[in-house]
Amino acid sequence: MKSLNFSRWFPSGRTTVIGVPFLFLFVFFLLPFLLVVGISFSQQQLGIPPYTPLTKIEDDVFTLVLNIGHYKFMLGDDLYFATYISSVQMAFVSTVLCLLIGYPMAYYIARASESARDTLMMMVMLPFWTSYLIRVYAWIGILKNDGFLNQFLMWLGVIDTPLRLYHTNWGVYIGMVFSYLPFMIMPLYAHLVKMDLRLLEAAYDLGARPWKAFVQVTLPLSKNGIIAGSLLVFIPAVGEYVIPELLGGSDTLMIGRVMWDEFFNNMDWPMAATVTCAMVLLLLVPMALFQHYQAKVMEEVK
Amino acid sequence: MSTMKPSKPLSFAVLGFGYAFLYLPIVLLVIYSFNESKLVTVWSGFSTKWYWALLEDDELINAALLSIKIALMTATAAVVIGTWAGFVMARLNRFRLFPLFAGMINAPLVIPEVIQGISLLLLFVAMEQAFGWPEGRGVFTIWIGHVMLCVSYVAIVVQSRVRELNRSLEEAAMDLGARPLKVFFVITLPLISQALVSGWLLSFTLSLDDLVLTAFLSGPGSTTLPMVIFSRVRLGLNPEMNALATLFIIVVSVGVVAGNLYMRSVQRKRDREMQLAFNQA
């Protein structure tokens, strides 16, 4: 009987199986966020760590000091505001461009013969497996003033003076679309390939023109794919650092870059934490949407 | 029926443009890695000298070795934790905190890496203050960060594979008296091995390639390959980097294509055998 009582002190097998990965994710994913929020309310100082503690106990008095200076500064500063707007705008334009290129591609891959589909999808995924940094780097040689694109266009005689693309927002758009295109195509393809083609047949039989059938049948059926793909592109694009740093100009304002500079160049950890909190706030709604659609996809599989 | 088929020329045009966009930059990169001139965009003759230069670049070689070591550690740990988490997602998803659990699995897929970088760094700094561990930043902190980056991918691949499993095999083992843990290792794990292999490979490449998270979590003496590449290419074009990129692309392409073909054949074989087994039963 004693051993029975004893076993109560140990969690059941089921709890352990759930608890271990749960704890891991909690400690290394959620807890760090709470720390970021905390440190955004502290003050920069020289030393290790380079920020002041929020709480102290002195003469039996517990004091909590919350410095809202960083938030006030951020709200009052035009440059920060411009950066937020610009990040969202650049991510949005990149997402739309990805959709405009990715949708037709996903559509025709899904309608290709069954044997061709796997190979075509593998070719979409292949660049994703090669280094992201190298793929962004590859565009420098193309976009530079004396790069391949300008050489080619001038040889064609389309332009006489080179287009300025490298170190401009155009460079960032091209780099983003190039890097994130596979993320757009994957969910779109997954939705388009399992579509019941008899629905289209029915639409045609009832006299719909191809364009109308597409707008009224195919497009609504791939709605979830469009949303999932757009979120997979938009959310990481808002905080992108590498692409604006390598292909953008010094006037390309992106929040990920500002946060990086605060952290590595100014060594202002609390300010970097504040910028991070603002970024999370900005992404809260798209993230919740993403979570909602992921849950839906899982339900469908079941 | 003829109107059902998408128009051939349009299909070729769209896919041709799309794949050209995806591959042309890579092709140009590879071609110009054999260029003799230091000016990457001006062709002056065939040469393999940039490949020889790579061999003498100690900074690059050391960084590459460190990156491979971290990637091996990351892929292995991510597969263990990711499989565990993915299995919970697929089979034990009826507990109260499940939405939080699912959120913590899905969010890292999209969350900008700068956010994850700074938050993990602050965690490690706070831990060092509180417990004196981990001392400073280095391979260990990078490893944890990379595992966090990869766990979600593995978990999602595994959970979708587990969901489509035919449960009758596991139930049969259970009926024959195998304990749940044994069923998992002897029946479930071999059935999802394909997902584990792709999860491992994906984690390996993600880790090998990561720059942003690594920059936050590395310390003196733990400079990885992407950090060296980044510090050089932000100054502009560099023919040595073209050569390195070419090597990287060749290895990855051969690996992915071979892996894909192998997995397809394994899958076909398994489907056939399963079909046969069920037909006989």
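Cβ coordinates come from backbone N, Cα and C, glycine included.
Just so you know, TrEMBL annotations are computer predictions that nobody has curated.
Taking Cβ pairs closer than 8 Å, the transmembrane segment (A:20-41) reaches residues 51, 54, 66-68, 70-71, 269-270, 273-274, 276-277, 280 in its own chain, all 6 or more past its ends. Marked as transmembrane segment by TrEMBL: A:20-41 (among others).
Long-range contacts of the transmembrane segment (A:81-108) within the same chain: residues 75, 124, 169, 172-173, 176-177, 180-181, 183-185, 188-189, 192, 218, 225-226, 229-230, 233-234, 237-240, 244, 252-256, 258, 278, 282, each at least 6 residues beyond the stretch ends and with a Cβ under 8 Å from a Cβ of the stretch. Annotated transmembrane segment per TrEMBL: A:81-108 (among others), in sequence order.
Sequence annotations record features per position, and here TrEMBL assigns domain 'ABC transmembrane type-1' to A:84-290.
Here the transmembrane segment (A:120-140) has Cβ contacts under 8 Å with residues 105, 109, 112, 147, 166, 171, 174-175, 178-179, 181-182, 185-186, 189, 242-243, 246-247 of the same chain, all six or more residues outside its ends. Annotation source TrEMBL lists transmembrane segment at A:120-140 (among others).
The transmembrane segment annotation in TrEMBL covers A:170-190 (among others). Distant neighbours of the transmembrane segment (A:170-190): 90-91, 93-95, 97-99, 101-103, 105-107, 109-110, 121, 124-125, 127-128, 132, 135-136, 139, 143, 222, 224-226, 228-230, 232-233, 236-237, 240, 243-244, 246-249, 252, 254; these residues of the same chain sit at least 6 beyond its ends, with a Cβ under 8 Å from one of its Cβ atoms.
Among the features that TrEMBL reports, transmembrane segment is placed at A:225-243 (among others).
Residues annotated as transmembrane segment in TrEMBL: A:269-290 (among others).
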